[in-house]
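Undergrad: Here's a structure for you.
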Amino acid sequence: MTASSKPSASASDSSADGTSAHDKILIVDFGSQVTQLIARRVREEGVYSEIVPFQKAEAAFLAMKPKAVILSGGPASVLDRAAPAAPMAIFTAGVPVLGICYGEQTMAQQLGGTVEAGHHREFGRAAIEVIDACALFDGVWEKGGTYDVWMSHGDRVTKLPDGFRAVAKAPGSPIAVIADDARRFYAMQFHPEVVHTPDGAKLIRNFVRKVAGLTGDWTMRAFREEAVEKIRTQVGKGRVICGLSGGVDSSVAAILIHEAIGDQLTCVFVDHGMLRKDEGKTVVDLFRHHYNIPLIHVDASKKFLSELAGVTDPEAKRKTIGRLFIDVFEAEAKKIGGADFLAQGTLYPDVIESVSFTGGPSVTIKSHHNVGGLPDRMNMKLVEPLRELFKDEVRALGRELGLPEIFVGRHPFPGPGLAIRCPGEITNEKLDILREADAVYIDEIRKAGLYDNIWQAFAVLLPVKTVGVMGDSRTYDYVVGLRAVTSTDGMTADFYPFDAQFLGSTSTRIINEVKGVNRVVYDVTSKPPGTIEWE
């Protein structure tokens with residue numbers, strides 16, 4: 001995606017999106033690695049939230065007119081000469097403000113308090129003691145109680161601004177939570193948004209519901225209705241092309257757009273030959289026969305595999321597949337003719353602006369692996385109906401639209417497909433073996449009732465052969481690696497702790513049913529240090 005087609009995450013766009021009628025909370029990002037979790041926690045309460053970098057916070061605040069503001073954590077120190085700060089307009093507008101970690105420190109300093117470099121740095125789990133009641137703690141924490149939280153800070157507040165009181169303390173933070181009830185300003189040194197703070201979501205709920213007084217009217221049903229109207233307004237009588245992969249994002253986007261404009265939408269499904277077992281047929285049946293969406297199915301497997309012959313480097317595989325996909329998609333789109341818009345399954349994390357402390361915001365936008373660059377090449381405008389949603393919200397929207405659970409709840413699948421689950425050179429033989437082994441593995445997981453407990457599970461065909469004995473004969477066949485992880489966002493992951501009986505029975509079934517495999521291993525690597533995919 002080129003600069004001219006980069007979507008903006010600025011809150012100033014809110015009046016044009018499907019959220020203008022709803023209460024909103026503005027999240028000012030100071031560079032924390034977990035700022036997105038704040039937005040997700042707020043949205044779990046049915047309140048729409050947007051993230052903006054601190055450099056654009058004042059303009060966003062004035063344009064968005066939020067009902068409350070949250071100041072995120074960040075890596076900087078308020079003691080630095082060029083330390084980022086919140087716009088003072090936020091503190092004079094009469095709206096509730098919640099500061100988290102760095103957000104607490106900048107709030108305290110900007111309002112007249114004192115922050116000092118900590119003599120006792122706190123990173124990781126810590127115990128916090130409640131020394132006074134406040135609205136944030138209502139029904140969650142009691143005075144005198146001690147509770148687990150997650151800390152990550154060096155500086156600390158040592159003198160309160162006028163109007164504030166300390167309501168909790170920790171060993172490294174004598175002033176760990178502060179409250180100004182009259183102005184509805186609250187701040188905490190720990191991170192309530194992470195799962196390592198067990199009661200964190202409840203504290204954020206109290207800020208949203210009890211402090212800000214928001215009722216939560218932002219639902220997937222409301223989003224669906226507003227998105228349909230927005231698509232109709234944007235597209236008018238124009239035609240839309242959507243690159244369909246069969247994944248959750250493109251599937252939900254296609255169904256939502258079709259609901260809005262019907263047969264003005266045409267989907268193009270490119271089968272590059274590296275899909276899972278029966279995946280192509282499943283996608284075609286669902287969209288062409290069940291939803292009656294105009295669909296062009298292109299079997300380009302021979303073209304892709306021919307170009308990939310001899311390619312072993314994983315990055316070279318990705319680039320080759322991406323280049324070929326664009327070529328094939330563009331050729332099919334031109335055959336359709338007359339299309340004005342290109343639909344993408346862009347999600348909110350793809351358009352959030354990252355924060356730079358070295359000269360203004362740097363925008364990190366991940367274009368869809370399939371259609372990046374096509375809007376400009378084909379002179380089309382973008383339709384991105386999911387650009388306000390997180391992944392879990394897309395799944396919820398899919399259920400609202402009636403998409404079968406087998407699609408809505410399916411595990412993430414990489415754009416290059418099985419190519420990066422087959423280290424080394426790709427051949428038809430290897431892909432066939434991998435498809436069958438993967439199908440058996442997933443079937444066993446589903447039969448055990450474990451599929452929904454796992455973030456992602458898949459088989460890998462290792463580029464080695466080992467000696468085995470089957471019957472009375474010596475074998476020399478491939479090794480299959482099994483991978484399954486738990487995660488909340490894919491950024492970090494732990495391997496799933498299957499019991500030995502499950503692994504044993506799954507291994508036996510793969511070896512018995514998949515010709516060309518005589519050994520199965522299980523990957524017990526977490527992320528980090530490993531990645532979820534092998535390539």
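Even glycines carry a Cβ here, placed using N, Cα and C.
Swiss-Prot feature annotations, pasted as is:
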ACT_SITE  Cys101  active site, nucleophile
ACT_SITE  His191  active site
ACT_SITE  Glu193  active site
BINDING   Ser245, Gly246, Gly247, Val248, Asp249, Ser250, Ser251  ATP binding site
DOMAIN    24-217  domain 'Glutamine amidotransferase type-1'
DOMAIN    218-410  domain 'GMPS ATP-PPase'
Undergrad: Using C-alpha atoms, which one of the active-site residues Cys101, His191, Glu193 comes nearest to Gly246 (ATP binding site)?
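TA: Its closest listed neighbour, by Cα, is Glu193.
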Undergrad: What's the CA-CA gap between Ser251 (ATP binding site) and Glu193 (active site) in angstrom, rounded?
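TA: Per the Cα atoms, Ser251 (ATP binding site) and Glu193 (active site) stand 30 Å apart.
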Undergrad: If you compare CA-to-CA distances from Val248 (ATP binding site) to each of the active-site residues Cys101, His191, Glu193, which comes out shortest?
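TA: Among Cys101, His191, Glu193, Glu193.
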Undergrad: Show me the subset of Cys101, Ser245, Gly247, Asp249, Ser250 whose Cα is within 10 Å of His191 (active site); these are the recorded positions I mean.
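TA: Final answer, ordered: Cys101.
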Undergrad: What's the CA-CA gap between Glu193 (active site) and Cys101 (active site, nucleophile) in angstrom, rounded?
TA: 11
Undergrad: With the ATP site defined by Ser245, Gly246, Gly247, Val248, Asp249, Ser250, Ser251, which remaining residues of that chain have Cβ atoms positioned within 8 Å of the Cβ centroid?
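TA: Filtered neighbour residues, in order: Leu244, Val252, Ala253, Gly345, Phe407.
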Undergrad: Can you tell me how far the Cα of Gly247 (ATP binding site) sits from the Cα of the residue listed as 'active site, nucleophile', in Å?
TA: 37
Undergrad: Restricting to the same chain and to sequence separations of six or more, state which residues have a Cβ under 8 Å from that of Asp249 (ATP binding site).
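TA: Listed in sequence order: Gly345, Leu347, Leu386, Lys391, Val394.
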Undergrad: In this predicted model, what is the average pLDDT of the domain 'GMPS ATP-PPase' (218-410)?
TA: 84
Undergrad: Counting across all protein chains shown, how many other Cβ atoms sit within 10 Å of the Cβ of Ser245 (ATP binding site)?
TA: 25
Undergrad: How many other Cβ atoms sit within 10 Å of the Cβ of Cys101 (active site, nucleophile)?
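TA: For Cys101 (active site, nucleophile), the count of other Cβ atoms within 10 Å is 26.
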Undergrad: What residue among the binding-site residues Ser250, Ser251 has the most other CB atoms lying within 10 A of its CB?
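TA: In terms of Cβ crowding, the pick is Ser251.
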